[in-house]
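Reading through the C-alpha cells given below for one structure.
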Amino acid sequence: MSHSDQTSPLEARKSAALSGTARVPGDKSISHRALILGALAVGETRISGLLEGQDVIDTGKAMRALGARVERTGEFAWTVRGVGVAGFAQPEAPLDFGNSGTGCRLAMGAVAGSPITATFDGDASLRSRPMRRIVDPLEQMGARVIQSHEGGRLPLTLQGARDPLPITYRTPVPSAQIKSAVLLAGLSAPGVTTVIEAEASRDHTELMLQHFGATLVTEPEGAHGRKISLTGQPELRGARVVVPADPSSAAFPMVAALLVPGSDIVLTEVMTNPLRTGLITTLREMGGAIEESETRDDTGEPMAQFRIRGSRLRGVEVPPERAPSMIDEYLVLAVAAAFAEGTTVMRGLHELRVKESDRLEATADMLRVNGVKVEIVGDDLIVEGKGHVPGGGLVATHMDHRIAMSALVMGLAADRPVKVDDTAFIATSFPDFVPMMRRLGGELA
C-alpha cells in the first residue's frame, strides 16, 4: 500500500495570537480532475498550483499507468500529455489509489468508458469504503465488475465498455463523485448523458469539462437540484489549469484564527466556488470576523483573499441542504461549535459515515475526550458550546487526516493540550499543515 505503518503522534497547546499570511495547498478536487481530464485530452495540459499531497500523487501515478505522460516541471507545476477520450492503455498492474476516494472513483468513471480492464486498490481505509453506488451507473453504461471484495469494495476489477451507452441517471445521494464518474464515462458514449441530482453537489467536474472543450448544459431541477447534460465523444483539448487554494484545507487555519484570541491572519487565493463555501457562511453566522477581498477568476474557478480575526462565536443551526457545500468541513466546524456560546445543531450528516472513517462518530469522540458535551441524534450532530474547551484528551485519528487536523486546531485554544495518536495521514491533503501552523504562531510539538 501507499502509506507506511509508522505513526507520528503530536500535541497542540494553547497558543498566543496567530498572525501572518499563508497560502494553503492547491484544491484537492481540482488537482485530481486536472490530472484525469489532462489524461483524457489530446495535447498538453499545464497545471500550476497542483496539490502535491499523497492522494493527488497517487492519481497522477494511475494516469501514467493508463498511458498518459505525467511530469513534474517545477514546484506545484505539472504537465500531462493525454491519450484522448477512450484512449487509455491496459495497465500492467493494479492501480493503487492509497487513501484517495476521489481519485479512485473518478478514475473508475474514466476507465468505464475505455475498452480496457483495470484493477482498483487502495489502503485499508479506502478498502473499507463503499464503491457499489459508483459502479451501479457505470454498469448501466456497459462497464462490468469482474471481481470485487465483499459488498463491492476494493480491490475491484472493472472492465470498461467497448461501446458505452449514454444514460439518464438520478443520483441516490448528493455526491460529486457519483456525478463525476458518470460524466467521465459519458465522454466516451455517443449522444447525451444526463445526471439529475436532487441537491446540487460540487460542480468542479462540469466547469473543468467545459474548460477542456466539452459541450455541457446545466439546468435547475426542483428546489435545490440540478440536471447536467453532457454531449458525448468530444475531442478534449489540453488546457492551462490554475489550481486555487483548497477551501477545505483553508478551514483549519481559518477556524484556528477565530478561536485563538487576538489572532489576525490572511489566507490568499482561496477558492470561493459557491458550492464550497458553506463553512465560511456558517462561521460568519456564528459571529466570525472573516473579510473577503481581491476576488478573481482563473480557469473557471473563483478565488479570493480572506482576513480572519479572533472572534467570540455563538451556537447556530446548520440546515441539511448546506451539507454538500461543506461535507469535509463539519469536523473543524464541530471544533468551532465547541468553543462557541450556546448549542450548535448540524443536520443531515449521513455522508460523514462513509468517509475515510465514520466521521460522525469520530467527531463526537474527539470532542468527548476533550470535555465537550456532544450528542448524535440520527444523522444530526449536536454540540453544546461553553465558550471554552477543557482539552487534555488523546484523539484517535482512525487514519483520517481531517480528524487529526481538527483535533490539533482544538488544542491551540483549549485549556489543556490536545494530543493526536497519528499525524502521518495529514500528508494526503495538507503536507505543509504543521509547519504552516507553526509559522502562524501555533504551539505544535
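Just so you know, glycine gets a Cβ as well, placed from its N, Cα and C.
Record note: Swiss-Prot gives LYS28, SER29, ARG33, SER175, GLN177, ASP328 as 3-phosphoshikimate-binding, and the candidate from LYS14, LYS355 in that site is LYS355.
Checked against Swiss-Prot, the range among 1-25, 276-300, 301-325 recorded as region 'Disordered' is 1-25. Residue with the densest Cβ environment among the binding-site residues SER29, SER175, GLN177: SER29, by other Cβ atoms within 10 Å. Within 10 Å of the Cβ of ARG33 (3-phosphoshikimate binding site) there are 27 other Cβ atoms, across all protein chains. Note on GLY101 (phosphoenolpyruvate binding site): other Cβ atoms within 10 Å of its Cβ, all shown chains, come to 21. When the Cα atoms are compared, ARG359 (phosphoenolpyruvate binding site) and GLN177 (3-phosphoshikimate binding site) turn out to be 18 Å apart.
Taking ARG129 (phosphoenolpyruvate binding site) as the reference point, none of the recorded positions LYS28, ARG33, SER175, GLN177, ASP328 has a C-alpha atom within 10 Å of its C-alpha.
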